[in-house]
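Per Swiss-Prot, the feature transmembrane segment maps to 6-26, 30-50, 76-96, 151-171, 197-217, 226-246, 291-311, 330-350.
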Amino acid sequence: MKIDTFIFLMFISIGILLLLLNIINPMEVFHIVEWKTIFSLFYLMVIINIMRDTKFLDYISLKILKKSKRIFIALIFLTLFLSSLITNDVSLFVIIPLTLIIHRYTNMPFKDLEKLIIFEGVSANIGSGLTPIGNPQNLFLFHFYNIGTLEFIINMIPFEIFGILAILPFLEFKKYDTKINIDIKFKKEWIFYILSFILVLLCVFGYLNFIYILPLILAILMYKRVKVDYLFLLTFIFLFVDIEGLKRIGIINIFSIKCGNVMLMIYASLLSQIISNVPATVLLSHLYKNWLPIAYGVNIGGNGTLIASFANLITLRLSNGNVRVGRFLLIGGIIYIMHLIVLVAYAKIFWV
C-alpha cells in the first residue's frame with residue numbers, strides 16, 4: 001500500500017470509529033463539514049484534470065519552454081506559476097512528465113535531472129502558497145476564516161518572495177542544448193474548459209453559488225472520463241469529522257499551546273512535518289483565531305519530510321526512479337529550514 005493511501009485510510013478510519021462510537025451522530029456530519037471547501041476542491045479537480053488530460057496544460061507549457069534555452073530555470077518558474085493557479089499536485093502531474101520528455105531532447109546530465117525534479121516538487125509547495133486555490137490547506141483557510149482574495153494574496157507575498165530567494169542559490173542557470181520537436185495543436189474544445197474554469201473560480205471566490213454550476217460539472221463527468229481523486233475528497237470530509245470528534249472528547253486540547261504569532265508559525269510548520277500540512281491546517285484552525293501564522297507555517301512545512309505534503313509523495317511517484325529518497329529529504333529539509341529561519345526573522349520585525 002502506498003504511503004499516501006495509508007494516510008488517507010487512517011483519517012477515514014478515525015472518522016468512522018467516531019461515528020460508530022456515537023461520539024458524533026451521522027446526522028450531524030452535514031453541518032460539521034465545510035462544504036464550500038469540498039465543492040471547491042471537487043470542481044477544481046474536475047476542470048483542471050480534464051485540461052491536463054486533453055493536453056491543454058502541455059500546450060501552454062511547451063509554448064513557454066520553446067522560448068528558453070535555460071530549461072532548468074524555465075521549468076522551475078513554470079512550476080511556481082502553475083502551482084499558484086492549478087494547485088501544487090496537478091502542476092506536478094503536468095511538469096514532471098513534461099520534464100522527463102524534454103530531457104530526451106537536451107544534453108542535461110542525469111544529476112541535473114534529479115536536482116530539477118526535486119526542486120520542481122519544492123517549488124510546487126512554495127508557489128502554491130501564494131493563492132487561495134494553490135493548495136487544499138489554503139483553500140480551507142480561505143473559506144474557514146472568510147478571507148478576501150486580495151487580502152490573502154497580499155499577505156502571502158512575503159512567503160512567496162522569501163521562498164523563491166531560498167531556492168535561487170541552488171538552481172542551475174546554465175543553458176542546455178535543446179531540440180524540442182513536440183508540437184501540440186490548439187483544440188476548440190479547450191475554449192469550453194477555459195470558460196468552465198473561469199466559472200469555477202467565480203464560485204471559489206464567492207461570486208457564484210456552487211449549486212449553479214453543479215450540473216455543468218456533472219455533465220462533464222458523464223461525457224468525459226475525468227480522473228478525480230475521490231479518496232482524497234473523502235479524506236478531507238472525514239478530517240472535519242475527526243477534528244470535531246477530537247474536540248468533543250478533549251484530545252484536541254493537547255495540541256493547543258499558548259503562543260504568539262511567530263511561535264504559532266513555527267509550531268504549524270513542525271506539526272506539518274509529522275501529520276502532513278492539510279490535517280495540521282484543519283486541526284490548528286479550530287484552536288487559533290489568526291489565520292496568517294497558520295498559513296505561513298503549514299506552507300513552509302510542506303517541504304521537509306515525505307508526508308509533510310502530498311506533493312512530495314507525488315514528486316517521488318512521478319520521477320520514474322530518477323530521484324533518490326535521501327537526496328530528496330536532504331534538499332527539502334535544507335529549504336524548509338532556510339525558509340523558516342528567514343520568515344521567523346521577517347515575522348519578528350513586521351508582525352505585531
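Along the chain as shown, the residues are counted starting at 1.
For all residues, glycine too, the Cβ spot is worked out from N, Cα and C.
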When you look at the transmembrane segment (226-246) alongside the transmembrane segment (6-26), do they share 3+ Cβ pairs under 8 Å, ignoring any pair fewer than 6 residues apart in sequence? yes
Who are the chain neighbours of the transmembrane segment (226-246) in space, where the CB to CB distance is under 8 Å and they lie at least 6 residues beyond its ends? 5, 7-8, 11-12, 14-16, 18-19, 23-24, 28-29, 32-34, 37-38, 41-42, 45-46, 49-50, 53, 136, 220, 252, 278-279, 282-283, 286, 310
Please work out which recorded stretch in 151-171, 197-217, 291-311, 330-350 has the most C-beta pairs separated by under 8 angstroms from the transmembrane segment (76-96)? 291-311
Given the transmembrane segment (330-350), its same-chain partners at Cβ distance under 8 Å and 6+ residues beyond its ends are 115, 118-119, 121-122, 126, 158-159, 162-163, 165-167, 170, 261-262, 265-266, 269, 273, 293, 296, 300-301, 303-305, 308, 312
Per the Cβ filter (under 8 Å) with a sequence gap of at least 6 from its ends, the transmembrane segment (197-217) is approached by 35-36, 39-40, 42-44, 46-48, 51, 132-133, 139, 149
